Every structure is written in structure tokens, then in C-alpha cells.
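Quick look at what Swiss-Prot annotates:
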- 1-7: topological domain 'Cytoplasmic' (TOPO_DOM)
- 8-24: transmembrane segment (TRANSMEM)
- 25-492: topological domain 'Lumenal' (TOPO_DOM)
- ASN166: N-linked glycosylation site (CARBOHYD)
- CYS389-CYS392: disulfide bond (DISULFID)
- ASN443: N-linked glycosylation site (CARBOHYD)
Amino acid sequence: MAAGPIRVVLVLLGVLSVCAASGHGSVAEREAGGEAEWAEPWDGAVFRPPSALGAVGVTRSSGTPRPGREEAGDLPVLLWWSPGLFPHFPGDSERIECARGACVASRNRRALRDSRTRALLFYGTDFRASAAPLPRLAHQSWALLHEESPLNNFLLSHGPGIRLFNLTSTFSRHSDYPLSLQWLPGTAYLRRPVPPPMERAEWRRRGYAPLLYLQSHCDVPADRDRYVRELMRHIPVDSYGKCLQNRELPTARLQDTATATTEDPELLAFLSRYKFHLALENAICNDYMTEKLWRPMHLGAVPVYRGSPSVRDWMPNNHSVILIDDFESPQKLAEFIDFLDKNDEEYMKYLAYKQPGGITNQFLLDSLKHREWGVNDPLLPNYLNGFECFVCDYELARLDAEKAHAASPGDSPVFEPHIAQPSHMDCPVPTPGFGNVEEIPENDSWKEMWLQDYWQGLDQGEALTAMIHNNETEQTKFWDYLHEIFMKRQHL
């Protein structure tokens, strides 16, 4: 992970690339009533939402300054705690205008004990229970931004870990500021035309498989390689990347793993030749959906998907994805793919959503329409600044409620703090990609790594919760608490 100053420079440099790459798709789509065609980013830049560690904007959200809070010294402070993550440049503090009023966003940790600091904002990948700011002050909320894979921090997948936070912004629709569709810029992205059938037929005649697998992140909690390895016994799979590789991408530039998650035109042209894409997420959580799902649909391929158990809720219609878990075995899945590969009429039914009026899922349409943040859209805030304002508005409401209660306790109740719930991550214990966990040897690398990591996250969450309840001030005591919890669990 890059050092803090480098990451801040990346934040600034990314602003221009985000704006430059976003001018065609979503804006044109709104002007044409949602029916515009998607235009690829002119420079082949990566399609992804502005990363918390990469490209973010610095535009302020609009809002009307509230009377009596004009001076920055009177405004509530939001303290970004994760090193290098601060969606403003330059300086350490920035006044932000939000819907309910103004706050001051800061990254200066010296503000931690200031009475005006009302909220700490944490980035989930960086959050470490052993380094949490203690003691936790009663007047401060903790806010969590975690749009990335749960494998980065399994502490957050357990009740004791997620309930440390008051406000959340995660991939789950149940979080306070949901980012479920962070990888989907709009409906126009899904409507990209399907490649000519003759082009794909020629590709097959040249000996290529019907099914593509492109992964370089191996040995993940979802254990996807174990399933794909078994599937390969029943149907040809062209596997690129570092995982189960049996073919190489045509150029060294495309072989670079940094290119594999981009909208590079040459890469997209190559991938679009395949009728089916194996799309397996690195972890299984409700609403956790990445480019592995949306990019094949963009390219006119059928995703063969395993990931979010709730994925059907988000699909453009009820016949646009093949779900691995609908089949009792890899062999049965292979037989079905082979059937579709040989029956164009049945295959094309999976791409009907690309036709005018083909996107019939009103929940998907409404979710895209009503989200207040955009994906590479200069007319909308990115989700970092959006969540920041969400926290600001919450703190302003909390301040008003506290003042009202102080002035008239009988008429205004005590403000009840909001507490995050396990559904805000919703990630169960990892299971094998194929077979039963009891059948896997104890020295299997997946079993040794991910099962242990998952349950250690529970212990860490319980340890930090106990430290907060005991009003501990020394972070070094965390390991004593963790050891005590571990020993108690061993004797259960």
C-alpha cells in the first residue's frame, strides 16, 4: 500500500481522468431518456467507481449555509482517520456544504480530542482493531466506508465488528449509504450491441473454447479456482491470467494484470469474442457485485456467475445470467452451456435485455435513477464526497436534537444513536468452491487461510468491543484482550 502523501497525489491526479473519461455514457443517457448508447472511455481508462485510494473528485455538494453556523470554528468536524484518504486537496481541512448545512472535513489527527470533532470516518480496508483510537469518546460517531471485498477485513463481517460503527456505506443495499451498483454506470452500459455472430463462430472454428476465465487473484475466500478446475473436466475453458492459466492473452500489455480490470479497447475487443464468461466473485456476500458480473453483460456475453446470492434482484430481466448454484454439479452446468452454445435462439434469449425496452427490472431502474452519486459522472458527486455529506447531515441533525433536549427535556427526547447492523455487510463464513469442507484436508491452503481469517475477525471485533466498554486508553492492551477471548473459545 502506498504511503499517505503518494495516495493524496493520486487523488488529485485522478480528478481529471475521471472527468475526461465520463463525458459520453451517463450524461447522454439522461438527455435521451435513458436510451443513449454507451461510448467507451476515449483513453481506455479503467471503468470503475472512483476508488477510495485513487481517483476522486473535489467538488463540494450544494447546500444552503445555516444561520448561526457561518464561522468554521462553530461547525462540526468530520475527521478522516484512514491514512492518505481525504477527498479534498490541498490542505488538511475543508469546509463542505451539504443538504442540511456545513461541516468541516479534516484529516488532522490532532483534532481527535477536540469537542467539535463529531465523527470519525474510517476506510474498511485500513481499519485495524489493534490501532483503533481509544478511548472512544461518547460524543463521537464512527462512520465506515467499505466498498471493497470483505476479504480485506473480515472483522466487519461479524456483528461485534460492524456494530462498532454508527453509519455505514458498503456494497449492501441495507447499509446507510448503499454502493451496491458502484460498478454499473447506467443502463446504456448494458445496452452495448452484441458482436456479430459470425465473428464468434469463426473464433470457435479456430479452436477457442466457448467459455472464458480471466483471473489473476487466486486462492480467495470464494475458492473459485476449485470449482473452475472441476468444470474444466467437463467443458473446454480458455483460462487467461495467473489462475489455472492454459492460454495467454495476445500481447504483453494485455497480460499485465493491471490491464485486466480496465475498459481497455483492445482487451474488450478480445474478451467480446467469447459467448460465455465465468464470473466468480472473490467473496460471497449479498449485493457484492463487481465488474466480473457487469463487464460480460456490457460485452454481450452471458455471465456464468457465482457471487451475491441476491444477484437476481439486480439483473436487467429474469433471463440474463446463468447462476452456478442453480446446477447440482459442474457437469450439469457444462451440459447446459454446451446446449446454449449449439442453440443460437436459446442463447440469444439471455441477451434480450439489450433490445429497446428489454430492461424490465424496475428495482434496478429505480436504484440507478435515485442514487445521488455517480460513476465517472462529472454532474454528480462521487460516493466519497456523497458519504461525507451524509455523515455531515447526520451530525447536524444530532446536534440540533441534543440542543432541543437540553432546552426542553420534557418536549424533546434524548437522541438515540444509530447503530450499524450485520446486514450492512452480510458475508457468511466462506465455503469450498466445490465439495464439502469436511472433505478438504486440514493443510489445504484455502482452509488454513480463509477459515481462520474469518473467525479471527470475530475475535478481534469482540476484543475491541470489550476494550471500548471498559474505557481502555492503551491500544497495546488489545493483544491481551484478544488472547483472553481466544483462550475462552478454546475451552467452549
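Glycine is no exception: its Cβ is also placed from the backbone N, Cα and C atoms.
Annotated features taken from Swiss-Prot, shown on the structure.
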| residue | record | DSSP (3 states) |
| --- | --- | --- |
| ASN166 | N-linked glycosylation site | coil |
| CYS389 | disulfide bond | helix |
| ASN443 | N-linked glycosylation site | coil |
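Averaged over the topological domain 'Cytoplasmic' (1-7), the predicted model has a pLDDT of 37.
Of all the glycosylation sites given, namely ASN166, ASN443, the one with the smallest number of surrounding CB atoms inside 10 A is ASN443.
Closest by Cα distance to ASN166 (N-linked glycosylation site), from the recorded positions CYS389, CYS392, ASN443, is CYS392. Each of the disulfide-bonded residues CYS389, CYS392 was assessed for Cβ neighbours inside 10 Å, and the highest tally belongs to CYS392.
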